[in-house]
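Features reported for this protein in Swiss-Prot:
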type	residues	note
BINDING	14, 16, 85	Mn(2+) binding site
BINDING	15, 16, 40, 63, 76, 81, 82, 85	1-deoxy-D-xylulose 5-phosphate binding site
């Protein structure tokens, strides 16, 4: 509402929301049918659920694709970050929660997708490097040339693109985020604050991963 009041645009810098923003450029009003947020699955994507009780802080901080700070890396392991991104997408793009989906994409090459009313799916691809979405935010609506010295260009013949449904038993935070978003009010803030404290205590080794 504040952005609308002052007639300004909010430009997302997060890789997933930047991808969505790029995909909807030029779409007519009402064309968006579904948002598909991709998630790497974090440090424990290949770990059986029954093994989670054994994991330590050092294990949670071993992200397979991204180089990030401790807090966001733990949030990636629990998929809480993706839950927050669902809430963000709801407010940024006006999508209903039923129309926002999470899929596991282990390679983190596709940063998110949108489905249009005619069932076409548009995607934004790139290496898992936050410099690119930040650059787009700073240069929008222009595109700044980047040489291969800055970062290598994407070679689709040498990457895999796979997808799978997220395990709601392994990643219960997804359901909590959807529930908080639908509840509205201060619930999303309460959930975020609770997670902040839980992650802090886990990193300080005061609680276990499953606590």
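Start at 1 and count along the chain as shown; that gives each residue its number.
In case you wondered, yes, glycine gets a Cβ from its N, Cα and C as well.
These figures come from a predicted structure and were not determined experimentally.
A C-beta separation below 8 Å, combined with a sequence spacing of at least six in one chain, links residue 76 (1-deoxy-D-xylulose 5-phosphate binding site) to 39, 40, 42, 43, 63, 66, 68. Long-range Cβ neighbours of residue 14 (Mn(2+) binding site) (same chain, at least 6 residues apart, Cβ-Cβ under 8 Å): 85, 88, 133. Rounded to a whole number, the C-alpha distance linking residue 16 (Mn(2+) binding site) with residue 81 (1-deoxy-D-xylulose 5-phosphate binding site) is 11 angstrom.
Note: residue 81 (1-deoxy-D-xylulose 5-phosphate binding site) has non-local neighbours 72, 75, i.e. same-chain residues 6+ apart with C-beta under 8 A of its own C-beta. Under 8 Å, Cβ to Cβ, and six or more positions away along its own chain, residue 82 (1-deoxy-D-xylulose 5-phosphate binding site) finds 37, 39, 102, 166, 171, 174, 177. Residue 40 (1-deoxy-D-xylulose 5-phosphate binding site): 21 other CB atoms within 10 A of its CB, across all protein chains.
Neighbour list (residue 15 (1-deoxy-D-xylulose 5-phosphate binding site), Cβ cut-off 8 Å, at least 6 residues apart, same chain): 111, 112, 128, 130, 132, 133. The binding-site residues under consideration are 16, 63, 85. Their Cβ neighbour counts within 10 Å are lowest for 63. Excluding 15, 16, 40, 63, 76, 81, 82, 85, which define the 1-deoxy-D-xylulose 5-phosphate site, the same chain contributes 39, 42, 66, 72, 75, 79 within 8 Å (Cβ to the Cβ centroid), listed in sequence order. Each of 12, 15, 17, 18, 37, 81, 82, 88, 89, 112 belongs to the same chain as 14, 16, 85, is absent from that list, and has a C-beta within 8 angstroms of the C-beta centroid marking the Mn(2+) site. When every Cα pair among 15, 16, 40, 63, 76, 81, 82, 85 is compared, the largest distance found for this 1-deoxy-D-xylulose 5-phosphate site is 18 Å.
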